[in-house]
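Feature list (source: TrEMBL):
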REGION    25-55  region 'Disordered'
DOMAIN    61-120  domain 'HTH tetR-type'
DNA_BIND  83-102  DNA-binding region
Amino acid sequence: MGVVKSALPWGEDVNAVWKGVAEAETRGGKPKGKVQGGKPKGKPDGGALPGKVDGRVARSQRTRAAVLDALIALLDEGQFKPPAKVIAERSGVSTRSVFQHFPDLETLLIAAVELGVNRFAPSVQPIPTDLPRKARIDALVEQRFALFERAGNVYWAGQIAAPISATLKATFAHVEYALRVQIGVTFKPELATLRKPKRLALIARIAAATGFHHWYALRRVEGVDPAAARAAMAEMLAVLLPE
């Protein structure tokens, strides 16, 4: 996945950064085997005809996708540690099939979180810098809420598992990096007036104010309704950003 940079690359388009993140993380939700020349890599088992092999591969891919979709749906519902039997029932396959595709539930969770994060990536889009300051603040807050309201439970499950998964640590490092880049691009007119140390410090504060943990505190811990939570986040940005 590459090394996550610590400083903001000025002039870099956030869409390009996010595209790179999405492409890398998509691999977590797809089978590793590559198809070359229209045929599956490797020899068919038992001398089976290519058509039969292709059919088995397609069924295997569908089963794997169904298991991942089932776990993502369960995470969305707040079931952060569903047993294999529940995942199997939701996906319409046997428990044995679940473990044929994933050696253990931890591996399955990592793959599901990566896929879920990638699915919600389109919520982050470039915001025109020629919009008025307030319009840009409102647009950024709206995008953050669109992302976290949709992906909140998947994101939270990933945050819980990240300390024991280098893959998830890297995934969320890329996500946070892309969100910081978006902040830098969106508010470049205001940030450009600051020297680099203050600029980067302000980007860090804005990232915290608009990040997942602040959203979680407002919505899940304090129980603030969406409209009031958006307003609170927007007010904080207005205070942080120079006029």
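Here the Cβ of each residue, glycine as well, is placed from N, Cα and C on the backbone.
Keep in mind that TrEMBL annotations are predicted by a computer and have not been checked by a curator.
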Tertiary contacts of the DNA-binding region (83-102) (same chain, 6+ residues out, Cβ under 8 Å): 60, 63-64, 66-67, 69-71, 73-74, 108, 111
Model confidence over the domain 'HTH tetR-type' (61-120) (mean pLDDT, whole number): 93
Counts of helix, strand and coil residues, the domain 'HTH tetR-type' (61-120), according to DSSP: 47 helix, 0 strand, 13 coil
